[in-house]
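Each remark here refers to the structure printed beneath this line.
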Amino acid sequence: MSTESKCPFNHAAGGGTTNRDWWPKQLNLKILHQHSSLSDPMGEDFDYAKEFKSLDFEAVKQDLRDVMTRSQDWWPADFGHYGPLFIRMAWHSAGTYRTGDGRGGAGAGQQRFAPLNSWPDNVSLDKARRLIWPVKQKYGRKISWADLIVLTGNVALESMGFKTFGFSGGRPDVWEPEEDVYWGSETTWLGGEERYGAQKKMQQPGDGTLVAEPENHANEESRTASGERNLENPLAAVQMGLIYVNPEGPEGVPDPVASARDIRETFGRMAMNDEETVALIAGGHAFGKTHGAGPADNVGPEPEAAGLEQQGFGWSNKFGTGKGGDTITSGLEVTWTSTPTQWSNEYLENLFAFDWELTKSPAGAHQWTPKNGAGAGKIPDAHDPSKRHAPSMLTSDLALRFDPAYEQISRRFLANPEQLADAFARAWFKLTHRDMGPLARYLGPETPTEELLWQDPIPDVTHPLVDDQDVAALKGKILDSGLSVSQLVSTAWAAASTFRGSDKRGGANGGRLRLAPQKDWAVNQPAQLANVLSTLESIQSEFNAAQSNGKKVSIADLIVLAGSAGVEQAAKNAGQQVTVPFTAGRADASQEQTDVESFSFLEPIADGFRNYQKGRYKVSAESLLVDKAQLLTLTAPEMTVLLGGLRVLNINVGQSKHGVFTDKPETLTNDFFKNLLDMAVEWKATSGANDTFEARDRKTGEVKWTGSRVDLVFGSHAQLRAISEVYGSADAQERFVKDFVAVWTKVMNLDRFDLA
């Protein structure tokens with residue numbers, strides 16, 4: 001008998017069949033407990049902003065410039081310069097961002113971890129990160145991987161003759177994969193069947209040549225895109241494991257017009273308009289090449305599936321030398337310009353100079369080459385100076401020529417290279433900084449001074465702030481105004497709960513609750529909101545007019561203060577005296593500083609804390625609650641105590657009684673938990689969709705309460721019930737109020753990066 005067969009240990013800790021295997025639809029609370037001190041080796045007292053400010057920024061940039069042209073035998077640089085590879089690394093780090101939920105992006109250095117480190121679209125970026133490890137190692141804690149990846153892309157552009165718009169640091173690393181991001185439901189790499197449902201598959205075109213005259217295509221419906229492809233929200237990539245689109249065309253079908261539709265949708269979901277999209281593609285493809293030297297079956301497993309001896313590398317390549325001229329990355333073998341390590345306008349020049357015909361790369365991927373052998377010898381080889389090539393293009397490149405809107409922009413950039421340079425610089429900065437949040441988080445000497453609308457600008461506070469005496473007087477005015485506790489609390493919640501920890505957007509600062517589009521969202525009950533805001537604005541005007549030293553209170557501060565006053569009054573109604581912490585310093589943005597379309601993405605499709613759902617969704621209401629809680633950076637206990645408190649404060653949209661398990665609304669008691677856990681009642685569904693319920697007295701049959709799925713999950717889900725039992729116990733009232741005030745204050749201050 002072998003030694004192995006005698007061993008009684010078949011599995012290590014954490015192995016075996018999991019709860020998720022048994023109950024795949026079980027509510028996942030693990031996403032509320034990511035990135036704790038238990039996984040962070042830096043320690044709880046680590047201050048990344050302080051460390052970054054002590055960094056010799058120019059020295060880091062010089063070290064990166066040195067890396068650019070110091071080719072390594074283990075991964076030789078194309079054309080003797082790593083710049084294009086590093087641009088791709090930074091682009092793919094930032095390009096996972098999507099507007100729908102603000103998740104993805106470069107802000108946490110997630111490219112180091114699964115699944116991103118093993119996505120098919122990120123082949124060879126394991127090598128890029130390893131090339132800059134000596135720089136990271138040298139500066140250690142003073143610069144995060146997240147910042148270094150983006151900075152390396154910037155330095156790469158500059159080292160190849162491009163003037164960037166700027167760079168800001170301030171992206172602290174995390175130390176584990178983000179489990180909250182929904183990347184899709186497909187179970188195979190490059191699958192797209194789930195995100196597009198059962199929609200019509202793309203059909204191969206009958207002709208693989210595009211002629212030079214764009215008017216022949218301008219009004220032609222793509223033969224490969226009859227019918228709209230509706231991409232699942234909040235996804236912003238067409239296939240599992242891609243950043244944006246399939247460069248060969250939709251589902252690998254080489255149709256540039258159909259490709260343009262995918263490009264417009266995916267780049268749009270990353271907050272890019274048509275001009276920014278063209279600039280990013282034309283600017284990015286001014287550099288470097290793609291890699292498809294041989295058949296894809298030569299490529300080994302991705303990093304997460306590779307052997308220990310690979311030490312984090314993946315995609316080992318057995319074709320030829322497996323590197324240099326034998327590299328296989330995307331399977332496409334395309335070089336766009338004759339100066340792939342120097343900024344130029346040649347990408348657009350070549351795009352419009354030739355008639356293009358379909359061909360295949362050595363790996364068998366669809367790509368395009370000039371007709372009739374045109375352009376032969378124009379393009380240098382990346383590793384062999386004795387070889388020359390014709391220019392080549394991707395299907396997604398030709399989209400810029402044969403989509404009418406993209407073509408118009410591309411031709412303008414072709415005629416005006418300085419416009420492309422400016423547009424690319426701005427779009428690149430937006431791409432790499434979109435998820436950083438407000439300017440208060442931006443660090444470093446290259447932070448641009450220009451105010452950009454997509455940054456959700458907020459004016460600087462230039463006046464004296466209210467003091468404790470003013471705060472007490474203002475709270476008195478608010479409580480005497482005739483507004484109810486529920487109105488005060490719901491208004492403050494409406495303002496603050498737009499915050500997204502993913503891209504640091506939203507929150508109460510800026511006072512945008514009074515502006516379009518937020519003032520008109522159904523979830524904010526516009527008629528009630530207008531009344532509350534009118535009352536608060538009168539209090540604000542009266543206070544500000546009475547000051548002789550320039551002291552002011554903003555409406556943003558007053559909204560939060562009103563909520564605090566409401567919470568304090570509700571606690572007083574329950575017999576407890578509390579003071580809700582309040583820190584003034586918020587400012588009021590203008591409508592001109594507010595991009596209505598951009599802010600529309602912050603409108604909640606569901607807010608379980610207000611028992612609101614905009615429509616019916618495949619995702620359960622309780623899952624949407626957890627999603628909202630995660631964006632608010634709440635833990636499971638914080639989510640639980642917050643919801644239980646808001647229910648008894650009666651802030652449900654439309655004054656719905658679902659979940660208001662108390663006969664003393666606007667009183668901060670633990671009644672929600674006591675009555676939910678009451679065994680004297682029995683719950684039954686009252687709708688065929690199992691989304692509303694009623695509790696009847698077991699003896700009399702009398703209806704005592706009604707509730708939603710969001711309410712009942714706190715008694716149904718074992719972990720949430722355990723937490724609810726803490727707050728539903730006989731001795732829990734004081735602890736409940738204390739914890740509620742703490743998490744309420746946390747939410748009100750989520751966007752106060754100026755306090756850090």
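Backbone N, Cα and C define each Cβ position, glycine as well.
Summarising the annotation, Swiss-Prot assigns heme b binding site to HIS285. What Swiss-Prot lists as compositional bias 'Basic and acidic residues' is 214-223. Marked as region 'Disordered' by Swiss-Prot: 198-230, 371-390. The site 'Transition state stabilizer' annotation in Swiss-Prot covers ARG88, and the record cites sequence analysis as its basis.
Secondary structure at HIS285 (heme b binding site), as computed by DSSP, is coil. ARG88 (site 'Transition state stabilizer') sits 10 Å from the residue listed as 'heme b binding site', taking the CA atoms of both as reference points. Broken down by DSSP into helix, strand and coil, the region 'Disordered' (371-390) contains 3 helix, 4 strand, 13 coil. The candidate set comprises the recorded positions ARG88, HIS285. Of these, HIS285 has the most other Cβ atoms within 10 Å.
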